[in-house]
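**Student:** This is the structure I have questions about; it appears just below.
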Amino acid sequence: MGFGARRALRFLLLPLPLLLPVPGAAGAGLAALPLVVNTWAFRKATETAWYTLQSGGSELDAVERGCSQCEIDQCDGSVGFGGSPDEHGETTLDAMIMDGDTMEVGAVADLRRIKNAIGVARKVIQHTKHTLLVGESASLFAESMGFPCEDLTTQNSLSIYLKWLNQSCQPNYWKNVIPDASKSCGPYKQAKQLNSEEWINSQKRINIHNHDTIGMIVIGGSGNVAVGTSTNGAVHKIQGRVGDSPIAGAGAYADSTTGGAAATGDGDIMMRFLPSYQAVEYMRTGTDPTTACQKVISRIQKYVPYFFGAVICANTTGSYGAACNKVPGFTQFHFMVYSPLLNQPSEQVVDCI
């Protein structure tokens, strides 16, 4: 049998897509499995995850390879090497992967010199009894697992860093320090008095191109759920900062009895509310995915009206949705979907609330 015939036979033997009616769902009256949903218009990542499933890979395989594709492509400069230098000019990576069947999580944060962060996160599940490894020790673990040690700095990230230095290190993430962080670079020391107004005003200065994490939900034909995230974090962050992406329940969350969710945006704010966990819990009570996402965003708005963020949600019937917080310059959120009802990845858009 030739290669083409074998390939055709393999696809014929794949399980038929599961089509289920979803009362009240927006758009089509049918939901379908398997399903891939990811944040932003990262189409190649969606395709990679989908074809991994179609080739017989598991949900975790699909999440890992989909997010890895974004790391390779340096999606939007906010995923993978060569982007978002910290205040010392170094690019570091955060990633997480979660199995909704076993509730196992593997995550890395402040990962240095290793390009495939989501791959290292998967190794945390496979070869340790831990959940989260951080910093230099995470990099040493990755090297012990066979990942090559590589420089994550590129000419582009160096250029971003030097331009920031020439702008007196503006903007940055310091407050209540001397010298005045809004006018000069450090080193800083703590100020004798705390200024709450400084924090309030800083919340209104939103950089909507600073936190474009890839978050991905994959639900297999049998309803098994896996999720994952990968990012290089906030540009010009204080060295050692970790955002929401590698934190289970914040960056993403999966439960194969219910569904999955993933978040993107200002991780320093969003991680305080565990939006992905909360969205899955809303869906557990019967809330549809779109409404679950909206309720999560509304909850954060009560405390931080000016935050930049969005959430994607999907349940085990194959129904999905998304929501985002409306701020100047960010009134719509784009995300990707691939299911048997679509003959190619579909870029979808929701209006922010």
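Positions of Cβ are set from backbone N, Cα and C atoms, glycine also.
Unlike curated records, TrEMBL annotations are generated automatically.
Heads up, here are the entries from TrEMBL:
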SIGNAL    1-27  signal peptide
ACT_SITE  Thr213  active site, nucleophile
BINDING   Arg241, Val242, Gly243, Asp244, Thr264, Gly265, Asp266, Gly267  substrate binding site
**Student:** Is it possible to get the count of other C-beta atoms within 10 angstroms of the C-beta of Val242 (substrate binding site)?
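**Tutor:** Looking across every protein chain shown, the total is 21.
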**Student:** What Cα-Cα separation, expressed in whole Å, is found between the residue listed as 'active site, nucleophile' and Val242 (substrate binding site)?
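**Tutor:** That comes out at 13 Å between the alpha carbons.
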**Student:** Using only the Cα atoms of Arg241, Val242, Gly243, Asp244, Thr264, Gly265, Asp266, Gly267, which the record gives as binding substrate, return the largest interatomic distance in Å, rounded to a whole number.
**Tutor:** 16
**Student:** Which is it, of Gly243, Gly267: the one of these binding-site residues whose Cβ has the most other Cβ atoms within 10 Å?
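**Tutor:** When each Cβ's neighbours within 10 Å are tallied, Gly267 leads.
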**Student:** Applying a 10 Å Cβ distance cut-off over all chains shown, what neighbour count does Thr213 (active site, nucleophile) have?
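**Tutor:** For Thr213 (active site, nucleophile), the 10 Å Cβ neighbour count is 31.
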**Student:** Note down the number of other Cβ atoms within 10 Å of the Cβ of Asp266 (substrate binding site), including every protein chain shown.
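**Tutor:** There are 24 such Cβ atoms around Asp266 (substrate binding site).
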